[in-house]
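**Q** Right, I'll just put the structure down here and ask away after.
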Amino acid sequence: MESLGKSMARNLVRFLVLLYWISICQAATILQPISDSHRYAALEIFRPSNGAFGSLEETYEALRTFDILGIQEKPDISAATCKSVSEVLGSSAVLKDLFHALRVNDVLKCEIKEEIYESITSRLKSVLNEARSLLDFYYSIGSLLLLKEQSSGVDLSINDADGVFHSIKALSQSDGRWRYSSDNSESSIYAAGLALEALAGVVSIASSDIDQNMIGTVKNDIVKLFDSIEKYDNGALYFEEKVVDANEHHAPLATTSSVVRGLTTFTAVTSGSLNLPGNSIFGLAKFFLGIGIPGDAKDFFNQIYSLACLETNRVSIPLILSLPATVLSLTKEDQLKVRVNTVLGSVAPQLTVKIVRAFLSASKRTSIIKGQELKFDPQTGLHVLDVLPNAYDVGNYVFVFEIVLHDSEQKDTYATGGQIQVPIYITGVVKIEKAEIAVLDSDLGSTETKKLDLVGESVVSLSANHLQKLRLSFQLATPQGNGFKPHQAFLKLRHESGVEHIFVVEGSGKKFEKILDFLGLVEKFFYLSGRYEIQLTVGDAIMENSFIRAIGHVDLDLPEAPEKAPRPPLRPVDPYTRYGPKAEITHIFRAPEKRPAKELSLAFLGLIFLPSLGFLIGLFRLGVNLKNFPTSTLPATFAILFHLSIGAVILLYTFFWLKLDLFTTLKALGILGVFLVFVGHRTLSHLASTSAKLKSA
């Protein structure tokens with residue numbers, strides 16, 4: 001039990017330190033660009049079944065994700081998928097299925113006949129002329145745009161492009177949202193993204209230039225749409241759908257993804273700038289990267305595809321500052337390293353990373369470092385601070401970074417996010433000095449003082465009574481000699497019966513001290529005299545030499561407990577005795593009854609078969625008369641079935657004797673009896689009729 005208690009206490013401290021480390025990791029979570037973790041996750045999330053994905057839409061999302069992430073060893077689904085694509089394109093499928101089939105074909109490059117493309121083009125133009133809903137415009141224009149890439153011999157131009165553009169624009173609202181149709185009064189942010197993609201498609205395949213005034217109006221709608229953008233505390237921006245109709249509702253990730261696709265597609269085919277507020281594009285990038293790795297295939301595709309759109313957009317390309325490690329050790333002389341990439345992990349343009357300032361999180365006004373530029377290592381692509389300044393000590397710091405582009409003309413091309421605050425934790429070995437433990441009299445005079453070696457394994461032995469006190473003291477100092485206050489400092493006394501008492505060790509500056517007055521603790525100690533093991537725990541996430549150590553024991557002599565004194569709690573049951581292996585159970589069975597000799601049993605079996613043997617001998621001696629057996633087909637069949645039924649009844653009696661019970665036998669006999677009576681009656685009737693004819697002759 002003693003070793004079990006030590007193990008449980010050690011696990012408790014480790015658990016507390018682990019919780020603190022988790023809080024550090026959550027607080028220090030910073031943006032990371034797309035990495036190999038996303039590539040491994042993509043292969044797990046997008047898994048084909050029987051050589052294909054569930055639908056053509058899911059197939060496109062998987063293939064497009066693989067292409068964006070640059071995954072080479074992807075599943076081979078070309079054969080089964082191209083067959084499905086050909087079937088859909090060659091049939092009169094709905095617009096949505098046709099659109100997704102063309103998107104898949106754009107990736108796989110299936111062999112499709114040119115006349116199929118011509119038929120599809122004619123149908124899409126007819127649908128476009130009669131379209132009234134946003135989805136009809138979106139799927140038909142998107143399909144025509146895909147056909148432009150897949151077929152060179154088909155005329156895809158739209159003659160009345162201005163009219164189509166105006167028809168889509170007519171569904172917009174004053175706040176930048178779009179309606180799905182003129183009959184639906186509800187507006188949607190998600191629909192706005194679809195509308196922008198459709199308008200971009202009209203511009204791409206129009207036979208003449210679109211009215212620039214209309215394009216300028218759409219850009220104003222985009223700016224109004226961004227007025228409704230939502231913001232998290234960390235600066236991440238996202239769109240949240242407010243549609244009342246549940247059928248048209250989309251989650252923030254899908255809604256934001258739709259807007260990003262529409263925004264980047266529209267700006268890619270139009271000229272001029274778009275005056276979006278502040279760091280809107282960078283805030284959207286923070287939203288998509290901040291969600292980590294989604295477990296849902298649709299969400300995963302929306303994240304990756306949206307980041308790919310932001311990677312190549314014409315408004316501004318976000319640059320992501322990340323740190324390989326946010327915990328640095330003074331003992332190991334770790335270097336501060338910073339990496340800058342695009343959202344998909346591509347190489348950033350030439351730039352400099354500067355530490356604007358760095359300060360302790362507890363004292364923001366005092367900056368320990370200012371205006372320090374990091375050195376760029378071209379081999380690793382990292383910006384490095386070789387050595388931390390001497391003023392640095394263990395603690396929780398906040399570093400403020402800033403990205404400075406070398407080419408001033410690229411400021412409009414890239415979004416750096418301004419000044420970026422990153423929490424960094426510097427760890428080290430804390431000095432443990434002047435540790436001692438003493439037994440004091442009531443007047444605080446020391447009767448027994450012993451030095452403690454908290455680094456080694458030495459233990460002390462003490463004795464005290466209820467009129468004395470126990471004092472534990474030690475000093476903690478950082479590598480720079482400053483006072484250090486750990487996150488946990490506990491003193492535990494454990495009685496030989498298993499009862500434990502834990503006390504918090506308070507400190508001021510470098511010194512920590514705890515005095516236990518046994519006279520005031522006799523009731524808490526349940527008047528239990530005897531040996532108490534002493535254990536000290538000091539731990540902190542930034543303290544590399546945190547420890548939990550048994551420092552000795554004290555023999556306490558406490559007075560006898562009065563009648564109404566509280567009793568100690570029941571001794572905890574050893575989990576090993578409760579859940580460990582039990583003693584083997586030996587089963588005693590009844591001894592088998594005495595049986596007759598084998599020879600006697602065989603003789604009895606022979607007597608049972610004697611009647612049957614006599615019956616057979618009698619048949620051979622008397623002879624079998626088959627002269628009256630019917631010769632006609634039908635009577636002969638009934639005669640054979642009659643004899644077989646008699647044999648079946650005899651066989652049933654045999655099974656009843658061997659294994660069947662009475663009720664089962666009676667059920668079977670009832671069925672066989674009816675059949676036996678029927679065929680027997682037909683057989684005997686035939687014999688009687690034949691006999692009567694012979695007598696009359």
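Quick reminder: no glycine exception, Cβ is built from N, Cα and C everywhere.
Below are the features listed in TrEMBL for this protein:
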type	residues	note
SIGNAL	1-27	signal peptide
DOMAIN	34-311	domain 'Ribophorin II N-terminal'
DOMAIN	319-426	domain 'Ribophorin II second'
DOMAIN	433-556	domain 'Ribophorin II third'
DOMAIN	589-689	domain 'Ribophorin II C-terminal'
TRANSMEM	600-624	transmembrane segment
TRANSMEM	636-656	transmembrane segment
TRANSMEM	662-679	transmembrane segment
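Are these features on the surface or tucked inside, and what touches them?
**A** Residues belonging to the domain 'Ribophorin II second' (319-426) score a mean pLDDT of 91 in the model.
The DSSP breakdown of the domain 'Ribophorin II C-terminal' (589-689), given as helix, strand and coil counts, is 79 helix, 0 strand, 22 coil.
Long-range contacts of the transmembrane segment (636-656) within its own chain (CB-CB distance under 8 A, at least 6 residues past either end) are made by residues 629-630, 662, 665, 668-669, 672-673, 675-676, 679-680, 682-683, 686.
Through the fold, the transmembrane segment (662-679) approaches residues 638, 641-642, 645-646, 648-649, 652-653, 655-656 of its own chain, all at least 6 residues removed from its boundaries and within a Cβ separation under 8 Å.
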